[in-house]
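*Asks:* One structure coming up, written as structure tokens, with questions to follow.
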Amino acid sequence: MYACKKLEKKRIKRRRGEAMALNEKRILQKVSLCYTYETKDCLCLVLTLMNGGDLRFHIHHLGGPGLDERRAVFYAAELCCGLEDLHRERIVYRDLKPENILLDDSGHIRISDLGLALEIPEGEMVRGRVGTVGYMAPEVVDNENYTFSPDWWGLGCLMYEMIQGHSPFRKFKERVQRDEVDRRVKKDTEEYSEKFSEDTKSICRMLLTKNPKQRLGCRGDGAAGVKQHPVFKDINFRRLEVHMVEPPFCPDPHAIYCKDILDIRQFSTVKGVYLDSSDQAFYSQFVTGCVSIPWQNEMIESECFKDIEEGENEENESFDLEDRTCRPASKRKRGLYRFFRNTIMGCIH
């Protein structure tokens, strides 16, 4: 089973998001992207299906608010490993928040939505006021230069929210102006309740240090420095990185981990935007050059290409891969495109 993330072409064009969409695809290629393709209206990213829902749902709508400390520390440790892998590839994530952290069938977490991630050339710094209000680091809010420091700030925000039940500078569903949240991020000191142990309080304070040069993870030792914090004293990171540590929570395969299943649907379309031939170069870049090795192996084992080849060897007939019957050949739905329409779309949810 796979998940299909759809990017509406007209919405991308209206928001001038071509570069961001292409950037997300290129970075996903380095980690977990299975395939890309396009339809008449959408660009599609085929990804591993995450049945466990996102952390926002688990923090705010499943018991809670907040998670028990053991579970929060486990997720923080896995996030530390994920950020270490991204930073090794010179990629800064820049949008760490509960909605972007997904659980797989076994209860391990995955970082999703790399739309704001950016690859930083060796020896350089970047700037850009991007991210989510309340989770952006002070240096991002002030539009200063940075490398990977915003990600360690984001880990601090996320760890705080997993334990407390709301972000450090904005309570859950609190109505407050963006400028006020930014002021709190830059000036206010977060408050800690009795939910925090001394170790979790310590690591949150060190990750939420306003000055990036003094922040944990930004002192030249990166993820290694974060892993050495006493809060992770019971974590074997070598075993954790290869999923040999049992997660503290395993999703129920029969449950749906979202607030409302009616949220899983296609939303309104964009009006007043028209696609033309000038957009095709971007679409070609998006869908070209991404077929991961595991995906190729799975498709070969399914023998679906054998059916396609047999069907197209017939001069005037082609096979329907679902009912195995013959029908007149269609020039528009041949080869891999026809395979995706008839087979894959039926099993992607």
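Including glycine, each Cβ sits where the backbone N, Cα and C put it.
Not my notes, these are from TrEMBL:
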| type | residues | note |
| --- | --- | --- |
| DOMAIN | 1-232 | domain 'Protein kinase' |
| ACT_SITE | Asp95 | active site, proton acceptor |
| DOMAIN | 233-298 | domain 'AGC-kinase C-terminal' |
*Asks:* Let me know how many other Cβ atoms fall within 10 Å of the Cβ of the residue listed as 'active site, proton acceptor'.
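*Replies:* Result for the residue listed as 'active site, proton acceptor': 22 neighbouring Cβ atoms inside 10 Å.
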*Asks:* If you run the three-state DSSP split on the residue listed as 'active site, proton acceptor', which class comes out?
*Replies:* coil
